[in-house]
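Participant: Straight out of Swiss-Prot:
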type: SIGNAL; residues: 1-16; note: signal peptide
type: DISULFID; residues: Cys54-Cys293; note: disulfide bond
type: CARBOHYD; residues: Asn157; note: N-linked glycosylation site
type: ACT_SITE; residues: Ser167; note: active site, nucleophile
type: ACT_SITE; residues: Asp224; note: active site
type: ACT_SITE; residues: His277; note: active site
Amino acid sequence: MRLILLFLAFISFVLCVPEPRKVFGPTSYEEPTSLPVDLPLLSQAAGMAHEPYCHFNDEGKTVGDAEIVWTKWIGLAVQRAKIFHSKSLGVTVSFEGTTASILSILHDVNLALRDPPKELNDAYDEGSQLLSGFVDAYMDVRDDTYAEIVKCMQKYNDTRVTVTGHSLGAAMTALAAMDLEHRLEHGIYKAFAFAMPRTGNAKFASSVDNRIGGRFFYIANGRDWVPHMPPRDWGFQHPSGQVWINPVNSDNWKFYPGQENHFGANTVDPIWTFDDHHGYYFGTGVGHGPGTCPASVGTHTY
């Protein structure tokens, strides 16, 4: 079965790969700095990013300072989403990363850049284009998660809304953060995208900077290959907000200002396994292997 899935994913990849454009967005040469966000917030966000990998029937359980209040979908046809109420991050929605489902895999390999759908168009600056598969994954969950977020904001009298996720869920995090910034009166509070692939073009990256810059962060772990893909010369570009953990799974992390920072994760050749993709982020295990169910926050010792 696994070979069949890999074969289908390969065929889809071949059919969907865009022509190289050889056009790059900006590259930052700013020196790295210390973290611009408190470490406990990153640890807490990592735990909630992992939790969608866990199964149903966990409403009422806690992840760090957060209670799980809603969960939907099982990651086969639609990526699982969970909503928490966190003392430190408010109403938080988290999206599941890629599963073994062929439909989930197809979201990753549908690499064509497309204009935002009409429902998202006003959330982006003109000229923004998004990776098609990630848009499809987000649109599948958009309406139901938004309705539940609004309910939770009212229930807990909390206007803070945070978005998080890992891998494919990190790409969905970026799209959801932009969407919610536009739709909610108070916008988003924070967004944390763990192991995020490139999700759109240079105009998309600039849109993120213009609209949620300083509140959006994406985290790369060691030589994880996922944040390196799709390549920049296919027209893709990361926004600002990179936090790089290097060496992998260590407590050596720094913030790399600007887009595609020259001193950041782009300086290393990616390792083509999932060893660095699933790992320890700010003392919290994320992904298959390091993560626990329910997720444990900040329990890993270095």
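For all residues, glycine too, the Cβ spot is worked out from N, Cα and C.
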Participant: Can you tell me whether DSSP puts Asp224 (active site) in helix, strand or coil?
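Facilitator: DSSP call for Asp224 (active site): strand.
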Participant: CB neighbours of His277 (active site) within 10 A?
Facilitator: 27
Participant: Can you give me the Cα-Cα distance between His277 (active site) and Ser167 (active site, nucleophile) in Å, rounded to a whole number?
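Facilitator: That comes out at 8 Å between the alpha carbons.
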Participant: If one looks at the chain holding Cys293 (disulfide bond), which residues at least 6 apart in sequence have a CB under 8 angstroms from its CB?
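Facilitator: In sequence order, Glu51, Tyr53, Cys54, His55, Asp58 meet the Cβ cut-off.
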Participant: Which of Asn157, Ser167 has the fewest nearby Cβ atoms, counting only those within 10 Å, among these recorded positions?
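Facilitator: Minimum Cβ neighbour count within 10 Å, taken over the recorded positions Asn157, Ser167, occurs at Asn157.
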Participant: Which residues, sitting 6 or more apart from Asp224 (active site) on the same chain, put a CB under 8 Å from its CB?
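Facilitator: Listed in sequence order: Ala195, Val248, Ala265, Pro270, Ile271, Asp276, His277, Gly279.
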Participant: Cα-Cα, whole number of Å: Asn157 (N-linked glycosylation site) versus the residue listed as 'active site, nucleophile'?
Facilitator: 31
